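Report on the following structure.
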Amino acid sequence: MSLENFMSDAISPWMKENGPDCDIVMSSRIRLARNFENRTFPLIAKAEDLDDVLDFFQESYQDADFNDRGKLQFLRIADLSPIEKKVFVEKHLISPHLAEHAEEAGVLLSESEQVSIMVNEEDHLRIQLYLPGFQLRKALSEAFEVDDWLEQKITYAFDEERGYLTTCPTNVGTGLRASVMMHLPALTMTHQMNRLTPAINQLGLVVRGIYGEGSEAQGNIYQISNQITLGKSEQDIVEDLESVVSQLVEQERQARETLTEELSIQLEDRIFRSYGTLRYSRIIESKEAATCLSDVRLGIDIGYIQDMPQSILNELMVLIQPGFLQHYAKRSLSGRERDVLRASLIRERLHLENN
Amino acid sequence: MECQECHIRPATLHLTNVVNGQKTEMHVCEHCAKENGYVSYGQEGYSLHNLLSGLFHMNPSTVQGHKHFSQAPAALACPKCGLTYNEFTRIGKFGCASCYETFEDNLNPIFRRVHSGNTKHEGKIPKRMGSGIEKKRKIAAYRESMQQFIQEEEFEKAAELRDKIRLLEQQSDEQEEGDS
Ligand SMILES: [Zn+2]
Ligand SMILES: [Zn+2]
């Protein structure tokens, strides 16, 4: 496979489009948790019950047309190779939990990979909808369309008092997890994230790294999401998150301005050193690569580096993950082999831009 | 109910204390429970799992002296999926939709804790069961503002709302008759 083809595989088609504030907000995601009314939740359900659910999805939705999104594809996770599973996780199409419970799990994907519906995750359905940039409200209304469409064939577990009933008490009510992926290099460099994170937590929002709970902010990318799902409408949840994200966008812009004004030459030096590392290194670990990519992306955003697309960070952040490297190599690789392949793929990718 | 230790904060923990076969109930706030070592929490806040076990399931190592705490409905089991209350508090997860009904009496403190004091859904309603619930929500909201108007002696406005409520109630009666 050529690198170009492989790259186009590495990022979902929806990610190639630009969205509002996409210099800072990389993507917006809405997730809705839903369950069947009369079935035991996946956590303790018998294998045959879970198979029933998979069969139902296969029959009802394989190749179904959903509005203008083209045909949906239903995949059983058990049919994926271990490396493919990793790739799906690294592309955020499925959760690590789903990959681990592969025997009875599935995923329904839209062509652009913008809609992914996980089946038999912790809940029977986890509807995920992604949009590029900062577009939470639009993502919510589109996720509702998917929800309404699925509901034509499924009776959801719902209670007037408690709302949508979920396996975990932390999801009950709306079942909604709204989140954004933000690139916050200037706030991190100026050590402001340490101060901001507790303040954000106090507002009932969660801040974490790019690959989920407990993961550190690789490449200065943070995921910010709501925690409360009960007692607030979906619109209010999304608006509350939006207002915090808007403030963060503003603060990041200010921090970038301050940095370029006061530390111009140091910042430029750091960015170009990172650029050099990516262009010329022969061995690179994922953590270093992520840090350098973040610097280069910042360099593109503030105009130090030209003729390089912003999307390079989104692309390469996925590409440098272990699953993807092995997918590319079509075999499993040792740590050192991965570091060598990572360096060489990054060099080639940057080279593509300079031709 | 107020906490029986500090008499300030509301009691969110309801413990059953069994000494020599004698049962006594304890109603304390989380703060006092922690102070007195009835429950233990991790340094960095607590995960939901700790929270649930903290609420219902006493960790024996933290129970003082000879006191032994047990929770009353431990043997309660969901008729649909078989999950017992004990298991529910241990894993912190529901087994099916009926679990919510089965453990209903013990859920409010959990939801309040997890969702900043909220216990009632305010969001989307499935299309298929939607219209009835929406009507109920509307009636409840009208009733509230009607009371407000009565207190402010704005009787004309209150009467207007009363008529709206009647109309809505008639509609739902007709619908129910039509359904049966
Ligand atoms: Zn107290
Ligand atoms: Zn149950």
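Glycine is treated like the rest: Cβ placed from N, Cα and C.
The average pLDDT for the domain 'Phosphagen kinase C-terminal' (A:24-255) in the predicted structure is 91. TrEMBL lists A:24-255 with the feature domain 'Phosphagen kinase C-terminal'.
Cβ environment of A:SER179 (ATP binding site): A:SER28, A:ARG29, A:ARG31, A:GLN223, A:ILE224, A:SER225, A:ASN226, A:LEU241 lie under 8 Å away, each six or more residues apart in the same chain. Under the heading ATP binding site, TrEMBL lists A:27-31, A:HIS92, A:ARG126, A:177-181, A:208-213.
Taken from TrEMBL, the feature coiled coil covers A:238-269.
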Checklist entry - For A:ARG208 (ATP binding site), what is the tally of other C-beta atoms lying within 10 angstroms of its C-beta? => result 17
Checklist entry - For A:SER27 (ATP binding site), what residues in its own chain, 6 or more apart in sequence, show a Cβ-Cβ distance under 8 Å? => result A:MET15, A:GLY19, A:TYR130, A:LEU131, A:PRO132, A:GLY133, A:VAL180, A:MET181, A:ASN314
Checklist outcome for this item: Sequence-ordered list of residues in the chain of A:ILE30 (ATP binding site) that lie 6 or more positions away and have a Cβ within less than 8 Å of its Cβ, or none, is A:ILE127, A:GLN128, A:LEU129, A:LEU136, A:ALA139, A:LEU140, A:GLU142, A:ALA143, A:LEU176, A:ARG177, A:ALA178, A:VAL238
